[in-house]
Ligand SMILES: Nc1ncnc2c1ncn2[C@@H]1O[C@H](COP(=O)(O)OP(=O)(O)OP(=O)(O)O)[C@@H](O)[C@H]1O
């Protein structure tokens, strides 16, 4: 497009001279033409007045085609459109975009998690190849595809990549990504409703699907009715050759307390692991992230992060974000000393193992897709208040930290506020199965054993 635009005046002038076009004709027919689009071997030109279309097509199409080939060195087809066509094109593209966005939203996908943004390295190349194979022919090759690996190593990213790939090829495919926690909570709700309609709605949702992605399946261990329901969902989809993709923190054979019939089904298809990335892959991931987010950080700093954060890609990315945010906030340059100070909590090997209120705040914030600052802050909407009370409950339950200290960390709150918040959750858990399930999962996330 740029080359054509840059040479457009020269092209018109050449047509005028070589085809001996009178001034008045030149100004009437050729000068108002605008380059609308250049795609592959076709140039689309916008004709401002519908009445001019036939004349331009008949008289000037060939001269333009020949001159463009002479000047640019490539032969293009020339197409003409009118403002009315442009309106149609823009209307239909603005309709198809939200449609795709809606499809992605309905499937529960993160638009950023695609194969394009996934860095392939020695730690994940098998899982990546298996995912690509499944994406290319869902339901045919490996069913289920079982991806496993430690925390923050890219399982979710790969699962979403498969889903995007399938939807890009066929927007009408019914694709659904859910965490096993979400599946469990929906099931609890359906059961709690106590009527057949709720249960059949639940079943219809999960069985009327082409591709089902279930993340973090380890959290259904010990939940009998969830395992039972998932077992039937699995059988139903599998028998119809619908693709199932599962992720977990460990391979099926190590999920000892999972029902045996589910464990054996998880082993039917292909099992692929993702391990910790090596240094080169960590560097490549950081560079990709830097490029995508438009950061400009010294190579020395990138190497420092890649050398020191080894086992969790989420932390690797988090370190880069944190450096960038802090540098902006404090209006400082990112030097090695700055990075050392800013990342000391992440990099210090022992700091992470201990269960601290800070760790609890981070895990709860991530779980509820809010920021740690919100939890410590003063917002009072329920999206924040409930996670904040959960933090109070978990800090009291899982750490020895004094209530006063918990209060201080949580934005200088009084110790009676902490007691009140924690008690509220203790009471609520007794009557609310969904909350109990969430607390259960949060505890496992905070203290995976
Ligand atoms: N190979 C990779 N290339 C680019 N980004 C990656 C890669 N692997 C992981 N990431 C990024 O690291 C972050 C964590 O990845 P993801 O959430 O997929 O991990 P996970 O294994 O599902 O973690 P969890 O066990 O907590 O569910 C994401 O932002 C993801 O985009």
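Placed from the backbone N, Cα and C atoms, the Cβ positions cover glycine too.
Owing to the predicted nature of the structure, the values given are computational and were not obtained by experimental measurement.
The predicted model assigns the region 'Domain I, interacts with DnaA modulators' (1-92) a mean pLDDT of 88. Among the features that TrEMBL reports, region 'Domain I, interacts with DnaA modulators' is placed at 1-92.
Look at TrEMBL and you will find 141-272 tagged as domain 'AAA+ ATPase'.
Sequence-distant neighbours of residue 152 (ATP binding site): residues of the same chain at least 6 apart with a C-beta under 8 Å from its C-beta are 312, 313, 314, 315. The annotation ATP binding site is assigned in TrEMBL to 152, 154, 155, 156.
Here the coiled coil (306-342) has long-range neighbours at 150-154, 276-277, 279, 282-283, 285-286, 289-290, 293, 295, 297-298, 300, meaning same-chain residues at least 6 beyond its ends whose C-beta is under 8 angstroms from one of its own. Per TrEMBL, the feature coiled coil maps to 306-342.
Per TrEMBL, the feature region 'Domain IV, binds dsDNA' maps to 328-449. Sorting each residue of the region 'Domain IV, binds dsDNA' (328-449) by its DSSP state yields 84 helix, 0 strand, 38 coil.
Residues annotated as domain 'Chromosomal replication initiator DnaA C-terminal' in TrEMBL: 356-425.
All protein chains shown were included, and the count of other CB atoms within 10 Å of the CB of residue 154 (ATP binding site) stands at 24.
When each of the binding-site residues 155, 156 is scored by how many other Cβ atoms sit within 10 Å of its Cβ, 156 comes out lowest. Sorting the domain 'AAA+ ATPase' (141-272) by DSSP state (H, G, I as helix; E, B as strand; all else coil) yields 71 helix, 24 strand, 37 coil.
A Cβ within 8 Å of the Cβ centre of 152, 154, 155, 156, the residues given for ATP, is found for these other residues of the same chain: 149, 151, 153, 157, 158, 247, 274, 313, 314. Residue counts for the region 'Domain I, interacts with DnaA modulators' (1-92) by DSSP state, with H, G and I taken as helix and E and B as strand, are 58 helix, 16 strand, 18 coil.
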